Amino acid sequence: MKKTILLIHTGGTISMHVNEESGAVVPKETNPLIVESKKLRQYADIVELDAFNLPSPHMTPIEMLKLKNLILEAISKQKIDGIVITHGTDTLEETAYFLDLTTNLEIPIVLTGAMRSSNELGADGVYNLVEAMRVAVSEDAKNKGVLVVMNDEIHAAANVTKTSTSNVGTFQSPQYGPLGLITKTMIHFHHAPLQKQYVEVSTIEKKVALFKVYAGMEADLLLSAIDSGYHGVVLEGLGQGNVPPAVVTGIQALLDHQIPVVLVSRCFNGIAQGVYGYEGGGKMLEDMGVIYAPGISGQKARLKLLIGLNQVHSPIEVAHFF
Ligand code: ASP
């Protein structure tokens, strides 16, 4: 029996075209993907929803929350066997991770996008969409958390990141690799995520800032987070998880204001941990109460802390949560 897939559009290059006069890539009034439904119906019956038509830099956690609610509402009304979401690639990994943490479904949720708009030479949108559809109907894709499908690969939401500004093979999972490959005839999974965390959220009210640490950084930016009313701060630290000495006073001030500080590394391989005991070293930061977020990038640690601080059953124990 044919499966039923919920296909949700949110915008992005996959729904855009090149304006021939200006040469700019812009959104279209009618989503060019809607006309592709016929190609997709050979794989499944489709329930199609136009949630937003946004370039993905316009996505915020509020839209991500709406998307989560839309999914839960749709599956409560009818039998859905899988979900495919089209999305701009710039923040696709963030929406994927948000949904990964805030949904707990057996059915596959697959995000896809395109690096080339619908009327560009070598446009990859329809190709990626068909592949996402094939993954969404695959029995093997169940219970694997939220997936990202692009360029013949299947990635886990927690690990995937956009690595190239323009290359169609932009989505990669540094350190971990993809979960599977897609060929003409097969959906071939070779890994499965070991852990699945689920957090119930119904509102996003608290704010979390993300700062990249750099040589010569001072405490002023961290202090401004206190004045601007942030409830949490994530730092992309140096190497194994260190910061310049001047940053330490900023961290201490945040902690004194009960603002949790979460640390990841700005290196995209390896994990941050408390190793060095010098001023600003990771061991010193850990002893101060800084929390490490192993295995995720700065932007994902920021979303995780945001979700944790906004969860229905708060307050959370941040160290335990990470
Ligand atoms: N800037 C675009 C967006 O994220 C890029 C894309 O969709 O690939 O909306």
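The backbone N, Cα and C atoms fix where each Cβ goes, glycine too.
Caution: TrEMBL annotation is automatic and unverified by curators.
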| said: Just to be sure I read the record right: Thr89, Asp90 are listed as binding substrate in TrEMBL. Which of Ser56, Ser76, Ser117, Ser118 is listed for the same site? | reply: Ser56
| task | With H, G and I counted as helix, E and B as strand and the rest as coil, say where DSSP puts Asp90 (substrate binding site). | result | coil
| message | Suppose we draw a 10 Å sphere around the Cβ of Asp90 (substrate binding site). How many other Cβ atoms does it contain, all chains included? | response | 17
| said: Return the count of C-beta atoms lying within 10 angstroms of the C-beta of Thr89 (active site), excluding that atom itself. | reply: 24
| How long is the line from the C-alpha of Thr13 (active site, O-isoaspartyl threonine intermediate) to the C-alpha of Thr89 (active site), rounded to the nearest angstrom? | 8
| query | Hey, for the substrate site built from Ser56, Thr89, Asp90, who else sits with CB inside 8 A of the CB center? | reply | Gly12, Thr13, Pro55, Pro57, His87, Gly88, Thr91, Leu92, Gly113, Lys162
| query | DSSP three-state call for Ser56 (substrate binding site): helix, strand or coil? | reply | helix
